[in-house]
Structure formats: C-alpha cells, structure tokens
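*Asks:* Take a look at the following structure, please.
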Amino acid sequence: MLKAWFAIPLWQRVVAALLLGVVLGLFWGPEAESIKWIGDFFIKAIKMLVVPLIFFSLVSGVAAIGDLRKLGAVGGRAILLFVVTGQISVWLGLALGTGAVNLGLFPSREALGTPEVATPEPNETTPVDMILSIVPDSPVQVMADVAVLPLIVFSLLLGIGILMAKEDGLPVQKVFDSGAIIMQKVTMIVMELTPFGVFALMAWVSGTLGVDALKALSWLVLLNYTGCLLIILVMYSAMIKFLAKLPVVDFFRGIVDAIAVSYSTASSNATLPVTLRCAERNLGVRNSVAAFVISLGATINMNGTAMYLGLATLFGAQIFGVDLSWGQYFLISILATLGAIGAAGIPGAGLIMMALVFGAVGVPLETIAFVAGVDRIMDMMRTTTNVSGDAAVATTVASMTGDIDREEMISADDV
Ligand code: ASP
C-alpha cells in the first residue's frame with residue numbers, strides 16, 4: 001500500500017489531492033474547515049525549513065566560488081546580471097499582479113468572501129531602521145526570529161570568510177556543503193506532506209469560497225506562464241542579442257535539452273548536469289566559466305521564482321484584503337529577489353520562500369495553502385525560466401570575457 005503510494009510521482013499525488021479536496025469541499029461546504037488544521041500543520045512544517053535552507057544553501061553557494069579573485073571578472077559580472085534580471089523579473093510580477101487586480105481578475109476579499117485569518121503585522125520601518133535591521137544583533141537571534149534579511153547578510157559574510165580562510169576554511173565549507181544537501185533531503189520529507197496539506201486546504205478553500213476561488217487560481221497560473229514567457233522570450237533574447245552579441249535562435253536551440261528536463265523535473269539542481277552539458281557542448285562556453293556560473297546560478301539565479309513571488313504576494317494581498325503601500329512594493333522587490341537567491345533549486349522551493357515575503361508585508365500565510373495545489377504546474381515553468389537564465393548569463397559572461405567558442409555555438413546542429 002505504502003509502496004504503491006510512493007510509486008506515484010509526488011506532483012501527481014498533489015494534483016489528485018487538489019482535485020479530491022476541491023470536490024470534497026464543494027460537497028461538504030463550510031464544514032470542511034474542520035480539517036483545515038491538517039493544512040496548518042503543513043504550513044508550519046514549511047516555515048520550519050526557511051532558516052536552515054537559506055543558511056546552508058547560501059553559505060555553500062558562496063563558498064563554491066572557490067577563490068575570492070574569481071569574484072572579480074566572472075563572478076562580478078554574473079552576480080550583477082543575476083541581480084539586475086532578478087529585479088526586472090520581480091517588478092514584472094508586481095506589474096502583472098497589479099494589472100490583474102485592476103482588471104478584477106483576482107477577486108477582492110469581499111467578492112470572494114475570504115474567511116477571517118490572522119493577518120501578520122506588517123513591518124512599519126523607516127529606511128534607517130531597514131539599514132540597521134540588515135545587520136544582525138546576534139546570528140542566533142536572527143535565526144530564532146526568522147529574520148531573513150540579516151540572515152542572508154550573515155550567510156554571505158560567512159561564505160566570504162570561508163573563502164578568505166582558504167585551506168583552513170575547507171572543513172567548515174564541507175559542513176555547509178553537506179548541510180545544504182541534507183536540507184534538500186529534509187525538504188523532500190516535508191514535501192511528502194504536500195498531498196495531505198493540499199487536500200485539506202483545498203477542501204477548506206472550495207468549501208468556504210466556492211468556484212470563484214478556483215477561477216482566481218486559474219488566472220494566477222495563466223499570469224505565471226505569461227510572466228515566465230516574457231522573461232525568457234524578451235529579456236533573455238535581448239541579453240543574448242545585445243550583450244552577448246550571439247544569434248538568439250542558436251542559443252535556444254542549444255538549450256532545448258535543459259528546457260525539457262527543467263520543465264519536467266521542476267528542479268534547477270536536478271537539471272544542472274544537463275544545463276552544463278548544453279552550455280559547454282552546444283553553446284561553446286568554456287568549462288570553467290560554465291561550471292562556476294551555472295552551479296552558482298542554480299542556487300541563486302531564479303528569475304521565474306522572483307517574478308512569481310512578486311505576483312503571488314499581490315494575489316495574496318488582494319484575496320485577503322491587505323493594502324500595500326509603495327514602500328511595501330519596494331520591500332517586496334528586495335525580499336523576492338533575496339528569496340529567489342535563498343531558494344534551493346528543488347521543486348517547491350519558491351512556495352517555501354513565500355513565507356519570507358508574505359510575513360514582511362502582512363499578507364496571511366494562508367495564501368501559501370491557497371496556491372499550493374496548483375504550485376507544481378507553475379513551478380515547472382518557473383524552473384524552466386530559472387534554468388534558461390543560468391544558461392543565458394553563463395553565455396553572456398563567457399562572451400564578455402572571451403571564454404566562448406562562437407563557431408561551436410553556431411555550428412551545433414546535432415542538439
Ligand atoms: N523549483 C524551482 C527551481 O528549482 C524553484 C522554485 O520553486 O521556484 O528552480
């Protein structure tokens with residue numbers, strides 16, 4: 001029985017749970033709230049992962065740069081491109097979300113009759129407070145408070161410290177590398193709760209809200225795909241054409257395998273070997289640049305995830321009736337970029353990072369439950385966007401530093 005359960009891929013179990021939950025809720029009505037606690041259990045488990053996931057994957061990602069000098073030519077350019085494209089992506093998500101709210105595609109709290117849930121207090125901070133708050137008083141305190149921004153600062157510094165310590169840093173680096181792998185396994189365990197959490201939450205959602213909620217979710221999925229396609233077809237194409245000065249069609253032809261694997265696995269990490277192979281063999285990127293940029297990118301370059309975090313925050317704010325100020329838009333843009341950097345390249349990581357963005361601007365974490373059932377289908381597209389971005393940045397940096405064999409890229413007919 002158990003064997004048969006695990007033999008079904010997780011995402012299929014989640015989709016089945018989603019459908020069953022919806023059906024149960026429609027029949028059961030508001031009474032379905034009695035099983036909501038199962039979903040709350042799932043959300044708590046997700047929240048538990050945020051601190052250790054960021055801590056281990058970020059430190060090990062920075063330390064993977066290997067040599068501080070590398071941060072210069074290749075790393076500096078790559079990181080600049082990661083951050084700039086990440087910012088553009090979040091703002092695209094925010095723009096799509098705002099458009100959807102204005103066009104009435106995301107129903108308001110009143111229209112949807114969203115049930116009362118505790119709204120976290122938004123952080124009312126001045127810019128000076130914000131600057132001060134990114135420096136941790138104590139790393140332990142920061143972890144206990146799940147204060148992600150100072151945690152990221154501390155993790156980055158720790159990673160740089162490991163690099164500066166050279167040989168002496170290796171044992172600690174190993175600990176973080178292994179910690180990052182272990183946290184991915186722990187995440188896998190928690191993800192096994194998804195079908196149950198999704199089932200209970202969808203029953204609650206459809207039982208209390210009805211068909212309107214489902215319509216809102218279809219719009220969210222559609223906008224997620226629109227945003228991702230815009231990033232890939234417009235932003236990456238422009239990067240390849242104008243910054244790398246290479247033929248766009250050849251670039252996309254060269255990464256077809258990576259696109260297929262990322263879409264079906266929803267994991268940048270699982271796709272990493274394929275992305276590397278595509279970059280080296282089909283795009284002619286020199287091995288050292290490809291290995292460095294693409295493995296770093298698999299952890300920190302997630303434009304699809306960044307866009308989605310912006311979009312989903314507006315979705316949650318709308319359905320739970322939370323007003324967002326311009327200041328909070330900026331906070332979202334920073335946190336979504338950091339969340340995308342901190343997210344591990346594994347299925348569902350973007351969902352976990354929502355807890356970070358939502359908490360900071362006062363959007364109820366129940367939104368996570370609301371979207372969890374359709375997350376996989378959006379995750380597949382986010383991951384394709386993330387992985388194509390890694391290849392695009394590697395190709396662009398390699399082209400800038402002269403580490404690319406243009407002939408090989410253009411003549412790669414055998415992909
Ligand atoms: N699954 C995505 C990735 O591996 C991360 C996410 O959930 O957005 O790139």
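A Cβ is built for glycine as well, from the same backbone N, Cα and C atoms used for every other residue.
Automated prediction, rather than curation, is the source of TrEMBL annotations.
The transmembrane segment annotation in TrEMBL covers 42-66, 78-101, 146-165, 186-205, 217-239, 251-270, 290-317, 329-346, 352-374.
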*Asks:* Before we move on, state whether the transmembrane segment (352-374) and the transmembrane segment (290-317) share at least 3 Cβ pairs under 8 Å, counting only pairs 6 or more apart in sequence.
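*Replies:* In contact, yes.
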*Asks:* Sequence gap of 6 or more, Cβ distance under 8 Å, 3 or more pairs: do the transmembrane segment (290-317) and the transmembrane segment (217-239) meet that?
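*Replies:* Yes; at least 3 Cβ pairs under 8 Å.
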*Asks:* What else in the chain is close to the transmembrane segment (146-165), if you only count residues 6 or more beyond its ends and a Cβ gap under 8 Å?
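*Replies:* Apart from its flanks, the transmembrane segment (146-165) reaches 47, 50-51, 54-55, 58-63, 65-68, 133-136, 139, 172-173, 176, 334-335, 338-339, 341-342, 356, 359-360.
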*Asks:* May I ask which of the stretches 78-101, 186-205, 217-239, 329-346 has the most CB pairs under 8 A with the transmembrane segment (42-66)?
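*Replies:* Going through each listed stretch, the top one turns out to be 186-205.
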*Asks:* Against which stretches of its own chain does the transmembrane segment (329-346) lie, if we need a Cβ under 8 Å and a gap of at least six residues from its ends?
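*Replies:* Same-chain residues near the transmembrane segment (329-346) but 6 or more away: 53-54, 57-58, 82-83, 86-87, 89-91, 93-94, 123, 148-149, 152, 180, 183-184, 187-188, 267-272, 298-303, 305-306, 309-310, 313, 352-354, 356-357, 360-361, 383, 386.
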